Ligand SMILES: NC(=O)C1=CN([C@@H]2O[C@H](COP(=O)(O)OP(=O)(O)OC[C@H]3O[C@@H](n4cnc5c(N)ncnc54)[C@H](O)[C@@H]3O)[C@@H](O)[C@H]2O)[C@@H](O)CC1
Ligand SMILES: [K+]
């Protein structure tokens, strides 16, 4: 798992390390790592044009020292200083000694020079940045965005809040971010994620000074470790039985997608109960289907309730019935609307509950999501005593104790009708294995979000995706995270 940290946590961890190391040593480590990533991105360094955007803090110092190293390898480096009086003095001398040039940001030659650069290094603001970019910094940012060079942010893209990912106005649109010591949360969540590009972590020795993270990102390997493969002793019941309560006679789509996703994730046994029975039977002969309610479905190990289920009295009764059980329940879509009216239905539960709102559904519980998505998900989870999976570009999963997962596999291609129903089915299937795997509820939800994103990425390789493509790609997504070569994945190659 990759720990995700706030700017404050990183600062607190840096303090003892700074005290224990020679002055400037940490910055040298940072600059060496930064220059080496830039060198790799450029391929050949000799003769390449590099522009440094330099602010008044240590972030600018990192850029200047890295620029000096690149100049030492023959790059043509020019530093553009936002505040020439306050630029890092030692960094500036090092750059000059290596043959680098210096310009003030106010110099009319600066924007065209940035536009022509092969690589632009954004050292305007780091974790000490507050508020949005000022006008001069915005102009340099536009010049970089309009140029053809590789845009690389130092530590964090200038203009994002390193802890929340909030962007107030304009932020540097990096293709790569070279971050030091720890991955800052703002690089993976909210608008910050879209500005960070590919994140490269450079170790500077912060390791054991960091606190245990309270926010994490799962890797493919982490997800694989949480998906127990079927064993020789398993039968269809022991792999986890999911009950899907979704859709209606008029709108069977959500039920079909949700049931299919559950089957394709963990093909033990999926039971369906509800008005879309005919549609589900036609699409998934593998499912056990009834027109009745949850009580007619047979035994299950987890319920999924809500997608396309409506908000009438009957739907409310179904929701209340499953929430009164001691089984894991995933509450989505229409059932969230119902739950927002009667949150005590979930507050009085002790069994695992996962709510999967998007922003508008989240707001029905009282407050809008706002710009701090991790904070928002944690607040609602603590308030309701349930796991909250807040959907988004980077889906955030928070448990009532505050442990949080930020999904890294999401893609904009998933913003299409029905993909939420697929996520619910996947999550239901993973939750149904809790009885045998002992998997933590928030981790189960995070595993589902990861697989959902993986399936989305695989499907999007072939062009625009629809929700059904996600279902088709799920076995391949599971195989991908578990390291199974695609050629061995049977009919999912179609
Ligand atoms: N502390 C350390 O041990 C290390 C820090 N490193 C670098 O240092 C950075 C943090 O350095 P700083 O604390 O100097 O912070 P910054 O480099 O982010 O700069 C803060 C400075 O910018 C000004 N400022 C804040 N918001 C502004 C805005 N919106 N517009 C214009 N000016 C603004 C402040 O007055 C302050 O002087 C990290 O992000 C990282 O790049 C690395 O060198 C690794 C080691
Ligand atoms: K920066």
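Residue numbering: from 1, along the chain as shown.
Even glycines carry a Cβ here, placed using N, Cα and C.
Features reported for this protein in TrEMBL:
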BINDING   58-62, 126-132, 155, 254, 308, 358, 421  (6S)-NADPHX binding site
BINDING   59, 122, 158  K(+) binding site
BINDING   391, 392, 393, 394, 395, 420  AMP binding site
DOMAIN    10-212  domain 'YjeF N-terminal'
DOMAIN    219-481  domain 'YjeF C-terminal'
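Projection of TrEMBL feature records onto the structure.
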| residue | record | Cβ within 10 Å |
| --- | --- | --- |
| 58 | (6S)-NADPHX binding site | 19 |
| 59 | K(+) binding site | 27 |
| 122 | K(+) binding site | 33 |
| 127 | (6S)-NADPHX binding site | 23 |
| 130 | (6S)-NADPHX binding site | 7 |
| 155 | (6S)-NADPHX binding site | 29 |
| 391 | AMP binding site | 23 |
| 392 | AMP binding site | 21 |
| 393 | AMP binding site | 18 |
| 395 | AMP binding site | 28 |
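Within 8 Å of the centroid of the Cβ atoms of 391, 392, 393, 394, 395, 420, where the record puts AMP, the same chain has further Cβ atoms from 358, 390, 396, 407, 410, 414, 449. Proximity to ligand 2 at the level of Cβ atoms, with a cut-off under 6 angstroms, picks out 122, 158 from the binding-site residues 122, 158, 395. Residues 391, 392, 393, 394, 395, 420, recorded as binding AMP, reach a greatest CA to CA spacing of 14 Å. Only 155 of the binding-site residues listed as 155, 391, 395 bring a Cβ under 6 Å of any atom of ligand 1; the order follows the sequence. Under DSSP, residue 392 (AMP binding site) is assigned to coil, being neither helix nor strand in the three-state scheme. Taking the Cα atom of each, residue 155 ((6S)-NADPHX binding site) and residue 59 (K(+) binding site) are about 7 angstrom apart. Spatial neighbours are here defined as Cα atoms within 10 angstroms of one another, and by that definition the neighbours of residue 392 (AMP binding site) among the binding-site residues 130, 158, 358 are 358. For residue 158 (K(+) binding site), the number of other Cβ atoms no farther than 10 Å from its own Cβ, over all displayed protein chains, is 28. Each residue contributes its Cα atom, and for residue 127 ((6S)-NADPHX binding site) and residue 59 (K(+) binding site) these two points are 8 Å apart. If you average pLDDT over the domain 'YjeF N-terminal' (10-212) in this model, you get 97. The Cα atom of residue 393 (AMP binding site) lies nearest to that of 358, taking the binding-site residues 58, 59, 61, 158, 358 as the candidates. Considering only the binding-site residues 61, 130, 395, residue 122 (K(+) binding site) has 61 as its nearest partner by CA-CA distance. In the three-state DSSP reading, residue 127 ((6S)-NADPHX binding site) counts as coil.
When the binding-site residues 58, 61, 358 are screened for a C-alpha within 10 angstroms of the C-alpha of residue 395 (AMP binding site), the residues that qualify, in sequence order, are 358. In this structure, the C-alpha atom of residue 358 ((6S)-NADPHX binding site) lies 35 angstrom from that of residue 59 (K(+) binding site).
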